[in-house]
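To keep things clear, I will list the structure first and then write my remarks on it.
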Amino acid sequence: MSNDTPEKIIIGVLALQGAFAEHQAILSRISLPSHPIASLLVRTAEDLAQCAALIIPGGESTTIASVAARTGMLQLLKDTCRDPSKPVWGTCAGCILLAKEATGLKKGGQELFGGMGVGVRRNGYGTQLESFEVMLDIPGLREPERPFAGVFIRAPIIEHVDPSAPSSSSIETEIVARVPPSCLPAELQQEAESGTTDYTVVAMRQGKKFVTTFHPELTKDERLHEFFIKRCVLELPAGK
């Protein structure tokens, strides 16, 4: 008798530091027809080898990078993030780590995993006191008429977008969400309103790579996790 049960898609969540448990909790609620989803907390090379995709959570980007170096995972994570065939999503701190370059880093700098054609400014919105929540219109989500709560906590700002990914000029870049210029620090609002900068971009897909500068894992809304699985992991067309 043949077994027609489809194989589970294992989504790894890097669990070196940060909000990895929150990502795993959301993944546990996702049920896609014909595509059963499982999650795995990733701390070792053996863990990562079992995963079809990787999520790098919000937290402290410098700490995540230093723990990765200390545990021997740094080069493997760089290789994974820079491989165009590997689906990877970075949220907040994960966005910084996936960036091609970053400013506003702590003294001495930090290691970046790379993989996305973006330049970011660490803590671009300011300190914890400047944290905020804003409802985002994201046309690519299920039920696009229902806004998504964007939670910004010491969030990075995307300073510029390279229309081609670092690894291939043929990889599609999709701007998934923007914030109103009024959400930006006052000194950046005028530049953003002129349309000459990328400061308002807060979610972006580049091939199988995806970044959000905010924290979807701190909401009860699983639609962005679904978006990542459908568009980056399963490579389904928009709207499917």
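Each residue, glycine too, has its Cβ placed from N, Cα and C.
Marked as active site, nucleophile by TrEMBL: C92. Neighbours of C92 (active site, nucleophile), defined as other CB atoms within 10 A of its CB across all chains, total 29.
Note on H215 (active site, charge relay system): other Cβ atoms within 10 Å of its Cβ, all shown chains, come to 26. Among the features that TrEMBL reports, active site, charge relay system is placed at H215 (among others).
Of all Cβ atoms in the shown protein chains, 28 besides its own fall within 10 Å of the Cβ of E217 (active site, charge relay system). Annotation comment: TrEMBL describes E217 (among others) as active site, charge relay system.
Positions annotated as L-glutamine binding site by TrEMBL: G59, E60, S61, R122, I153, R154. Counting only same-chain residues six or more apart in sequence, the Cβ atoms lying under 8 angstroms from the Cβ of R122 (L-glutamine binding site) belong to S61, I96, A102, T103, G104, L105, P156.
Taking the mean position of the Cβ atoms of G59, E60, S61, R122, I153, R154 as the L-glutamine site, the remaining residues of that chain whose Cβ falls within 8 Å of it are G18, G58, C92, A93, I96, N123, P156. In sequence order, Q17, G18, A93 are the residues near E60 (L-glutamine binding site), counting only same-chain partners six or more apart with C-beta under 8 A.
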